[in-house]
Amino acid sequence: MRMVFLLTIGMFTLGFDAYVVAGLLPDIGATFKTSDSQTGQAVTVFTLCFALAAPVFATLLAGKPARRILVIALVIFSLGNALSALTSNFPLLLLARAIAGIGAGLYSPLATAAAAALVPPQKRGRALGTVLGGMSLGTVIGVPLGLIMATEIGWHGTLWLITTLGIIALIGIILWFPDIPASQPASLRQRFAMMTNGRVAATVGITFVAALASLGLYTYIAPILQDLQEIHQVTPYLWAWGIGGVIGNLSIGTLIDRIGRPSWIIGGILALLTLAMFSLPLVLGIPFLAFLPFMVWGAMGWASLAPQQHVLLQLQPEHGSSVVVLNSSANYLGGSMGSALGGIVMVGGLTPSYLPIASGCIVSRRVL
């Protein structure tokens, strides 16, 4: 499990980067004089490139040693964040976020597949939960820390911190990660067969819908809080969301290993996620209780990934990395679509307060 924890360092940095920008939207918008819907596209391009990079590079780099690809991924990721910190105009920021997203999209699914390959089958659920937990830990620790630092050193400084963490993760992989055998790459015909397999398509479809609602909604936490209750201090709510994510991620692996029915587990997760989204506007004005929907939302959103990966690895054990890439792409494609749709909704005249209910309706259709 020591090598799994090494992979988790990189996932922590990815989680920090992927989610801190949502909290920095007001500051970034003030710098470039852009609206919430425009600034939110910095999240959209990151998640879209995250989603598209995984299958493209999985094909281009198929059969290459995992260690080499992890190094390439972290180099691209760190470069993208350095460029984001240096940029002086909004279009260049979008380009830099796209580069960072490509690096993240290359690293995340491979790190997940490598974690599963490093442990025996009976510990696979725990390994998946641990490496995915690194990303959620990046939100509960990294995001609030980044927002606090941004008040002192600006949002550019926060991105420099992420760049530094990416370089640290890169050095760790170079020095200590073992050379594990590359998994047998899937042919183009086999990749197409995965997409047309009914059970695989259904599993990936659930991942897409959950991300569309959960990650898309997360992008606009700041304007939602301001619109519903004129709350301008976002950090406590991001803490609640991140703490929930850590709890969900660290517990879901053990739950999968003990129960052994990931499809049942995902049904319960989606039901609780729907409840959290519907209740958010109703309890936001109630002290202390207002944080509960954010914790449940974070826990269920993050916990939804490991059962899906587990099901897909059971369905396609001979092409583990390829099927994990497919699920990761669906997750972040859903997130990018959710961010884009949220921006379109607000440009169309609806206020951010409608977004939690809309997201709850989307998830509930998968439950029912």
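First residue shown is number 1, and so on along the chain.
Positions of Cβ are set from backbone N, Cα and C atoms, glycine also.
Of all ranges given (9-28, 69-88), TrEMBL attaches the label transmembrane segment to 69-88. TrEMBL lists transmembrane segment at one of the ranges 157-177, 346-366, namely 157-177. Among the ranges 219-237, 238-256, the one that TrEMBL lists as transmembrane segment is 238-256. With a cut-off of 8 Å between Cβ atoms, the residues of this chain six or more beyond the transmembrane segment (69-88) that come close are 7, 10, 13-14, 17, 57, 61, 95-104, 106-107, 110-111, 114, 156-157, 159-160, 162-163, 166-167, 169-170, 173-174, 177. In the predicted model, the domain 'Major facilitator superfamily (MFS) profile' (3-368) shows an average pLDDT of 86. Long-range contacts of the transmembrane segment (263-280) within the same chain, counting only residues at least 6 positions beyond its ends with a Cβ under 8 Å from a Cβ of the stretch, are 206, 210, 213-214, 217, 252, 255-256, 292-294, 296-297, 299-301, 303-304, 307-308, 311, 356-357, 359-360, 363-364, 366-367. Ranked by Cβ pairs under 8 Å to the transmembrane segment (157-177), the stretches 42-62, 94-119, 131-151, 198-218, 238-256 are led by 131-151.
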